[in-house]
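Record features (Swiss-Prot):
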CARBOHYD  ASN265  N-linked glycosylation site
TOPO_DOM  1-25  topological domain 'Extracellular'
TOPO_DOM  47-54  topological domain 'Cytoplasmic'
TOPO_DOM  76-99  topological domain 'Extracellular'
TOPO_DOM  121-139  topological domain 'Cytoplasmic'
TOPO_DOM  161-196  topological domain 'Extracellular'
TOPO_DOM  218-237  topological domain 'Cytoplasmic'
TOPO_DOM  259-271  topological domain 'Extracellular'
TOPO_DOM  293-324  topological domain 'Cytoplasmic'
TRANSMEM  26-46  transmembrane segment
TRANSMEM  55-75  transmembrane segment
TRANSMEM  100-120  transmembrane segment
TRANSMEM  140-160  transmembrane segment
TRANSMEM  197-217  transmembrane segment
TRANSMEM  238-258  transmembrane segment
TRANSMEM  272-292  transmembrane segment
Amino acid sequence: MAEVNIIYVTVFILKGITNRPELQAPCFGVFLVIYLVTVLGNLGLITLIKIDTRLHTPMYYFLSHLAFVDLCYSSAITPKMMVNFVVERNTIPFHACATQLGCFLTFMITECFLLASMAYDCYVAICSPLHYSTLMSRRVCIQLVAVPYIYSFLVALFHTVITFRLTYCGPNLINHFYCDDLPFLALSCSDTHMKEILIFAFAGFDMISSSSIVLTSYIFIIAAILRIRSTQGQHKAISTCGSHMVTVTIFYGTLIFMYLQPKSNHSLDTDKMASVFYTVVIPMLNPLIYSLRNKEVKDASKKALDKGCENLQILTFLKIRKLY
């Protein structure tokens, strides 16, 4: 019997967003600016919530974790994507690819359920304001944040281990700008049918369960707002959860576009464009949405800037006085 030599793949090549050389430099510049805004915006929001005691409430506790998750899953994707714009060969080692996939899945799933936790917080704030402090106690808030992190980590670990226990002995070109499950499975020389079923089963459960919590919460919220007689009261209720509504619409709208479009229109290139939006653009938009639409965040930002300017003036005065 003749021996068959099988060469196992240990390094993969990321196809990236574009292969056109004239677009590499402009794309690098655009994504560098977006990533810097993402880092500064989310770190700034986390710091602001930490230092301003007026923002030490359940809503901003969830928001600080949302900013952390946005920062993490953007950082899992964007830096490597930018490197690929300036190098000739966009390679990524086997274990680095596994790490990127695991981190991305962890933080993306966490975001889904954090948005659900925030929707529940809005529901309690508007529909049961008298019982808010009891229903949203510190212990409950910690649980509503800890459960998404733990569940997401376990699901991501499960998927990553199964994906990277498959055999890869053929082509090593991934038709994506990061290591995602479906484009990665296309390269495997093992039977991936069961793995594909698991992907859609878990993705379906995560999206349906988290979006159902969000949708149910907002049905009750809208019903409660419509029962408020004064226009001022309605505006106040809407402003409480307005930023969250915008964030939820953008995030779930993108995921629905990716997973619920007709199969005839579905392609990996379409997925790449949608992936750019929810891995790169949304993490940049979230802190801007909450900063521009939320009066308390704007007031806290103004207070922090005024204090910073005041400290700078005092420091400058002391330096000038020391010189003379």
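Placed from the backbone N, Cα and C atoms, the Cβ positions cover glycine too.
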Original post:
Of the listed stretches 100-120, 140-160, 197-217, 238-258, which one has the most C-beta pairs under 8 A with the transmembrane segment (55-75)?
Top reply: 100-120
Subject >> Residues from the same chain, set at least six apart from the ends of the transmembrane segment (100-120), whose C-beta lies under 8 A from its own >> reply: 59, 62-63, 65-66, 69-70, 72-73, 76-77, 80, 92, 144-145, 147-149, 151-153, 155-157, 159-160, 163, 178-181, 184, 206-207, 209-211, 213-214, 217-218, 241, 244, 247-248, 251-252, 278-279
Original post:
Do you know the DSSP helix, strand and coil residue counts for the topological domain 'Cytoplasmic' (47-54)?
Top reply: 7 helix, 0 strand, 1 coil
Original post:
So which residues does the topological domain 'Cytoplasmic' (121-139) touch in its own chain, when a touch means Cβ under 8 Å and the partner is 6 or more beyond its ends?
Top reply: 58-59, 62, 217-218, 220-221, 224-225, 237, 240-241, 244
Original post:
Where DSSP helix means H, G or I and strand means E or B, what are the helix, strand and coil counts for the topological domain 'Cytoplasmic' (218-237)?
Top reply: 17 helix, 0 strand, 3 coil
